[in-house]
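Per TrEMBL, the feature active site, nucleophile maps to D26. The feature active site, proton donor is assigned by TrEMBL to D28. Here TrEMBL flags D26, D28, D261 as Mg(2+) binding site.
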Amino acid sequence: MVDRTPAVTFGEDQEISKPTTVYIWDMDETLILLKSLLDGTYAGVFNGMKDTKKGFEIGKHWENHILRVCDEFFFYEVIENYNEPYLDALSEYDDGRDLSNYDFSNDGFSSPYDDANKRKLAYRHRSIAEKYSQGLHKVLDQQMIKLWNDLYSLTDSYTGGWLSSAHALLEQTLAKTKPSASDHSSGMTPRSIITKDQSINVLVTSGSLVPSLAKCLLYRLDDVISANNVYSSWEVGKLQCFSWIKERFGSPNVQFCVIGDGTEECAAAETMRWPFIKIDIRPASPYRFPGLTMEMVQSYIDVIYGPQDSKDEKLKGSSELMKFFSARGVPSE
């Protein structure tokens, strides 16, 4: 009989990875507040305890900043009518040309939307991605930076820390477990198992792509959501975006979780059989910012994918089994 038992192998680092979690976030009235400030919905749920006029003024200031960034740095006046669902959508048309001295203002980008103009739009998308990766501090003057910082602080104060709390949770989703100096001093060897917990933040917004990228920068989300992980469902719908995300990231070791306030993302998550957490701006709700925690998010994920504790026990069992065979001199391959 042929022995089909898998060989036990040991490399310099044995790694057993926990599942990668892809968190799919809505933007407006989830990670940021804008529409509810402008129409008074946010102030309204506080039954007179919030100044509606002040909220409206804050919202108008944000609108002005968003439009300024779009027009001055993201070519929005020219490409407003050419929305794409994500920045890499036209990558097949981008020939990789050096854009350092490219004259965007005189390249003739216009209708018809043919291959030549798709290439010019792809250039603009690449330029936007580069500016996004650099951050607004590279393009805004000191006066504008101060106005922006003051507005962020004012908004965060008015909303009870909504913006900073949401950002903090996004940072927590990206936390990774790494071996520390104390691990090595306590006896961990280069062959010890390192458990990695990897996560990815993806944004799927019903707004058009370029203003959504500008919002990410202005609301300080660019360090927790990369430009190529921003999707616009404006024309294609959220279910289509979710399908693209599953195709892009999906594997047996990947799990998904959707967080938003709308019915469309709820229905799309249900179709995909992914957990959905509904954000509620009412002050008594725990599903808001501040309020929502990683423990709460994980509890929704566990309902669909199973508790992480049981998976950790399996990893621990695998670790002990490897130690058992290693102590008995099982050779490495």
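Note that Cβ sites are derived from N, Cα and C of the backbone, with glycine treated the same way.
Nobody curates TrEMBL annotations by hand; they come from automatic prediction.
The Cβ centroid of D26, D28, D261 marks the Mg(2+) site; residues of that chain outside this set whose Cβ lies within 8 Å of it are M27, E29, T30, L31, T205, G260, G262, E265, I279, given in sequence order. Around the Cβ of D261 (Mg(2+) binding site), the number of neighbouring Cβ atoms within 10 Å comes to 19.
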